[in-house]
Amino acid sequence: MSENSTFSTEDSSSSSYKPHASNLRRAGKKCSWASYMTNSPTLIVMIGLPARGKTYVSKKLTRYLNWIGVPTKVFNLGVYRREAVKSYKSYDFFRHDNEEAMKIRKQCALVALEDVKAYFTEESGQIAVFDATNTTRERRDMILNFAKQNAFKVFFVESVCDDPDVIAANILEVKVSSPDYPERNRENVMEDFLKRIECYKVTYQPLDPDNYDKDLSFIKVMNVGQRFLVNRVQDYIQSKIVYYLMNIHVHPRTIYLCRHGESEFNLLGKIGGDSGLSLRGKQFAQALKKFLEEQEIQDLKVWTSQLKRTIQTAESLGVTYEQWKILNEIDAGVCEEMTYSEIEQRYPEEFALRDQEKYLYRYPGGESYQDLVQRLEPVIMELERQGNVLVISHQAVMRCLLAYFLDKGADELPYLRCPLHIIFKLTPVAYGCKVETITLNVEAVDTHRDKPTHNFPKSQTPVRMRRNSFTPLSSSNTIRRPRNYSVGSRPLKPLSPLRALDMQEGADQPKTQVQQGSAQATEHLQKALEFANGHREVENVLAKHRRPSMASLTLLS
């Protein structure tokens, strides 16, 4: 019996049991914060005074959630306010006793929430980030009622900062260039914005974890990550949000991304494998060493994969480096160590399907870009925690990492240009990432394949609806990683692995490898069925002449 249904022992023999009042209150509280449905959309509500990094956190969190495949969108209340009030004059608009302005601000919030609802119901969004101050309990209660009416989950993120240096830096870096202050000098902007903050302080009611807000789900981030307070995390995605927010920081740093030096397989046009560096690849490694020495980067960490070409590149630097298996190149499965021409000849269906939707396509016995993103999530977390880092990796891995920092979607990610012997210098800034490309003037082959522009036949099964490869696997082991391309996406109709056999009727064409493999699979299946049917017939005859023993019962079952 659960603790919420415990009865008093003195009434246990009575026919009318009454639960303790304390247990009823505890049960009521549990229901008050539990979600309506496990998979309900989540509304993230930012809280905090101006210049506390709310928009920074909103955009960074949205970028991360979209990168891991959770559709997320920011709804910034300032954008709605500027639409309603075309010209901003002064901080007087934010005074709590300015009734007309208060009505406008509330109406803007309601319009934004309706857009949140439309995003969830019409655009299949999963998470919306409501980026506003939301400093009063009245405003937060209004948001909670809206969420309750629509069965949305709510998770609050409060940013608290009392460090004057951090606040001043935020104002100078972001607010001076705000659309609220066109053509104003810096001193006037600082003065007006500080007065705006004072207007909010008058009515600011922080989250109260001990009393008023103890049943809400939230995280308090204090002084840009010095301390955290987490309360009543409801589900998996909220725990992911908490984990991410506890890893990010705002200290200045630089991240360098580059591929290994040109390899022997690069020269041959082969993908995957574990070949060593070519002569030009070794020249790049020496040029990279010289570049790093000239930069004089403080406390630089160097990470590589566990493949030979990245290790050889790092060895030439003469510094300590760490090997990460999760930085290995995408697993091409049965296509490892093949050229694209060979893949097209041996596995034409696979080649066409990969061109159709490259992000979701999974190599037979290998990985997709979607798999690779999931594999690289710990790397992103560590990059967010660290200072200066150089990552020496591979083309597909580098694309995934760049897509995170540059906020690129699944359509763009597999086609990002990451040439050999080029360094990407990433410097996180207020609302994004500054990117510089550095060429070390060492020639290399071009391994990039542009996105195909040809139209695909309508009869071909889309990648996202295709559960399994038509291509036989390279080994007889049938226990393989399932090739489901999207969570919850099931085929519209059953997909037969023997579809290629239909082409044989009425046509004298040589069988492809796909057809041969499918024919062999059919032959084995028929033999197995014949054996099973024959076995059942023998058992039926024996059963008529003798009483079945335990052994035969077991066999028959």
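A Cβ is built for glycine as well, from the same backbone N, Cα and C atoms used for every other residue.
What Swiss-Prot says about this protein:
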type	residues	note
ACT_SITE	Glu329	active site, proton donor/acceptor
BINDING	Arg259, Asn266, Gly272, Tyr340, Arg354, Lys358, Tyr369, Gln395, Arg399	beta-D-fructose 2,6-bisphosphate binding site
MOD_RES	Ser2	N-acetylserine
MOD_RES	Ser32	phosphoserine
MOD_RES	Ser469	phosphoserine
MOD_RES	Thr471	phosphothreonine
MOD_RES	Thr478	phosphothreonine
MOD_RES	Ser486	phosphoserine
MOD_RES	Ser496	phosphoserine
REGION	1-21	region 'Disordered'
REGION	2-251	region '6-phosphofructo-2-kinase'
REGION	449-495	region 'Disordered'
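Of the binding-site residues Arg259, Arg354, Arg399, Arg259 has the largest number of other Cβ atoms within 10 Å of its own Cβ. When the Cα of Glu329 (active site, proton donor/acceptor) is compared against those of the binding-site residues Arg259, Gly272, Arg354, Tyr369, Arg399, the shortest separation belongs to Gly272.
Secondary structure from DSSP puts Gly272 (beta-D-fructose 2,6-bisphosphate binding site) in coil. The Cβ of Tyr369 (beta-D-fructose 2,6-bisphosphate binding site) has Ile330, Lys358, Tyr359, Leu360, Tyr361, Ala396, Arg399, Cys400, Ala410, Leu413, Pro414 as same-chain neighbours under 8 Å, each 6 or more residues away in sequence.
Among Arg259, Asn266, Gly272, Tyr340, Arg354, Lys358, Tyr369, Gln395, Arg399, the residues given in the record as binding beta-D-fructose 2,6-bisphosphate, the maximal Cα to Cα distance rounds to 23 Å. The Cβ of Gly272 (beta-D-fructose 2,6-bisphosphate binding site) has 21 other Cβ atoms within 10 Å, all protein chains considered. Within the model, the region '6-phosphofructo-2-kinase' (2-251) shows a mean pLDDT value of 86, rounded to a whole number. Following the DSSP three-state reduction, the secondary structure of Arg259 (beta-D-fructose 2,6-bisphosphate binding site) is strand. Other C-beta atoms found within 10 angstroms of the C-beta of Glu329 (active site, proton donor/acceptor) number 24, with every protein chain shown included.
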